[in-house]
Each structure stands twice: as structure tokens, then as C-alpha cells.
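S.K.: After the C-alpha cells below, expect a handful of questions from me.
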Amino acid sequence: MNIVLVGLMGSGKTAVGRLLAERLGRPFVDTDRLVEADAGRTVADIFAAEGEEGFRRREAEVVARAAAGDNQVIATGGGAVLRTENREALRRTGFVIWLDAEPETLYDRARGQGLHRRPLLSGPDPLGRLRALAAARRPFYAQAAHVRICTDRRSLQDVVAEIMEKLQERGERG
């Protein structure tokens, strides 16, 4: 069974996913990086050339491929849950964990990584945009996830430890 991390940009999917995969001795898959590798362009460049819909089409293909694998830790793009087929494939083949945080925390993290890498936050009010994205996507994350973990003011190690506890509760051994 895969372990799948969903959540908004800045929630910790990639950083937590890498550490979790290392602890479990499993491969780590980042769907945004797979989309970039397939396209030969960055996510920002794909958004600029093809728009969000073009990116989401590419993302759906990658999510289907990733979900078809087994025993991986998968970090999805923040909007992967918007498509029904993605939510269904991820839930069917994995234990889906929603990494959640307050919009202010997400904004601080995204800003630290460079807002230019986040096409959905371009514009005059990135924090306001992030608040709107959080409100709009919350129902999709809730529908996709088996469990929700808050990452506000927590270390990567602490979040990974909580995930390990959740896996043990489910009888998963990693």
C-alpha cells in the first residue's frame, strides 16, 4: 500500500514525504517533479504555456501512474485532489494523509521557497489567494484523506512521528 500526502502548497508534503520515505525504506515519488520531468519544463512554465487545465491533465496522468505503484511514499501537487479520478485512485491504492496548516503558515513557507515557483500565488495578494484556495479545496482534501494532520508550528520529525503512529494503528509496518 502506498502512503499518499495531500495538502496545500507549503503544508510539508515534499519535506515530510522525503523524511518518511527514508524512515520507512520506501521510494519517494513527488508528482510535481514527475510532471516536470515528463514535460521537460517547470510547473510554472507549464502553467504559463498551457494554463491550469493543461497542467491538471498532465498531473492526472502522473497521479494514475504513481497510484499504480506500490509501497511508495507519494507527495501530490496541492491541486491533485480537485479531480475525482485522482482522489479515487489515491484512496484505492494508498493511505491518504492530509497535511493541513493555517493559510498564514502556508504563506510563510511558500514565501521562503520563492513565490515565483508558485503560479497560483502570482498577483497582488498571495495570502488572500492562499486563503481562498484553502477554503475552496478543504472539502476535496477531506474527501480524499483517511486522516488529517496539522503541521502548524511542528517539526518535520514530529509530523513524521505522528504519521508513523497512524500507520501502526492501521497495522502497517512500513
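A Cβ is built for glycine as well, from the same backbone N, Cα and C atoms used for every other residue.
Remember, predicted model here, so these are calculated numbers, not experimental data.
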S.K.: Figure out which of Asp30, Asp32, Asp108 sits with Arg56, Gly78, Arg137 in the substrate site per Swiss-Prot.
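M.R.: Answer per Swiss-Prot: Asp32.
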S.K.: Give the sequence-ordered list of residues that share a chain with Arg56 (substrate binding site), lie 6 or more positions from it, and have CB atoms under 8 Å from its CB.
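M.R.: Set apart from Arg56 (substrate binding site) by at least 6 residues yet with Cβ under 8 Å, we have Gly79, Leu82, Arg83.
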S.K.: Where Arg154 (ATP binding site) and Gly78 (substrate binding site) are concerned, what is their Cα separation in Å, rounded?
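M.R.: Just about 20 Å between their Cα atoms.
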S.K.: Roughly how many Å lie between the Cα atoms of Ser11 (ATP binding site) and Asp32 (substrate binding site), rounded to a whole value?
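M.R.: Cα-Cα, rounded: 15 Å.
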S.K.: Apart from Asp32, Arg56, Gly78, Arg137, which residues in this chain have a Cβ no more than 8 Å from the mean position of the Cβ atoms of those residues at the substrate site?
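M.R.: My list of surrounding residues reads Met9, Glu59, Thr76, Gly77, Gly79, Ala80, Val81, Leu82.
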S.K.: To the nearest whole angstrom, what is the C-alpha distance linking Asp32 (substrate binding site) and Ala15 (ATP binding site)?
M.R.: 13
